[in-house]
Amino acid sequence: MTEPILQIRDLSVYYNQKKTLKDVSLDLYPNEITALIGPSGSGKSTLLRSINRMNDLNPEVTITGSIVYNGHNIYSPRTDTVDLRKEIGMVFQQPNPFPMSIYENVVYGLRLKGIRDKSILDHAVESSLKGASIWNEVKDRLHDSAVGLSGGQQQRVCIARVLATSPRIILLDEPTSALDPISAGKIEETLLLLKKDYTLAIVTRSMQQASRLSDRTGFFLEGDLLECGPTKAMFMNPKRKETEDYISGKFG
C-alpha cells in the first residue's frame with residue numbers, strides 16, 4: 001500500500017483554551033485529493049491551517065499532537081516555517097492576488113528566495129500559469145495588474161503563485177465558494193490535472209464537489225473527525241448516521 005506523504009496524529013487545537021479540534025488523526029496520500037467536509041465551525045479550516053502552521057499567526061492558539069511530514073514533526077522547534085509553507089502551499093477562499101502584475105504575483109515567492117535570474121523567473125511564470133490552466137488567457141498581458149482579472153482568473157493566478165515555489169502538498173480552503181459556476185468548474189478541472197503531480201487537500205461545503213474531485217473524504221462535526229475513508233464508499237455507504245444525514249442534506 002502507498003505510504004502517506006503526511007500523517008496527522010492526535011491533533012488538538014485550542015482557541016483561548018477552548019478545544020476546537022479534538023484528537024484528529026488523518027493521513028494524506030501522494031497524488032490524491034482529500035476532501036474535508038462538515039458544517040461551518042466543525043474544524044475543517046482549522047485543520048487545514050494547522051498543516052502548514054498558519055495557526056501560528058494567532059497567539060491565542062495552542063496545538064497538541066503531531067503532524068509528520070518528510071519524517072519530521074512539523075511542530076518541532078527545528079522546523080523552518082517559511083520553508084514548510086513553500087512545500088505545503090495554501091489557496092484561500094477569497095482570491096487574494098497581490099496588487100502587482102500577474103508576472104510579479106507568480107514570482108513573488110521566488111524573489112523572496114533571492115532568485116533574480118530572468119530566465120529562471122520567466123520559466124517559472126510560464127510553467128506555473130500553465131499548471132494553473134490560465135497561461136493562454138494571460139500570456140499576452142503578464143505585466144497587467146492581477147487585480148484586474150475576473151475572480152476565477154485571480155484564483156488560478158493564486159494557484160500559480162503556489163505552484164511556483166514547487167510544493168509537494170497544496171491546501172485549498174473553499175477555493176470555489178466565492179466564484180460563479182463556470183469559474184468554479186475551471187478550478188475543479190485544474191485541480192484534477194494537478195493531482196498527477198501534487199497531493200491536495202480541499203475544504204468544501206459542496207457535497208457534489210467532494211464526490212467529483214476527491215479520492216478520500218473526512219467528515220468533521222464539532223471538532224471531531226467522525227468518519228474518513230474512500231469517497232465513493234463513504235458517499236454510497238457511510239458508517240455513521242451523522243455522516244449520512246450531512247451528505248443527504250438533513251443537517252449542516
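Cβ atoms here come from the backbone N, Cα and C positions, even for glycine.
Feature annotation from Swiss-Prot assigns domain 'ABC transporter' to 6-247.
The DSSP secondary structure for SER45 (ATP binding site) is helix. For SER45 (ATP binding site), applying a Cβ distance below 8 Å and a minimum sequence separation of six or more within one chain yields ASP173, GLU174, VAL203. Under the heading ATP binding site, Swiss-Prot lists GLY38, PRO39, SER40, GLY41, SER42, GLY43, LYS44, SER45, citing sequence analysis as support.
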**Fill in**
Neighbour count check, CB within 10 A, over binding-site residues SER40, SER42; minimum at SER40
**Request:** Could you pull the average pLDDT for the domain 'ABC transporter' (6-247)?
**Result:** 96
**Complete:** Note on ATP: the CB centroid of GLY38, PRO39, SER40, GLY41, SER42, GLY43, LYS44, SER45 has further same-chain residues inside 8 Å, namely THR46, PHE220, LEU221
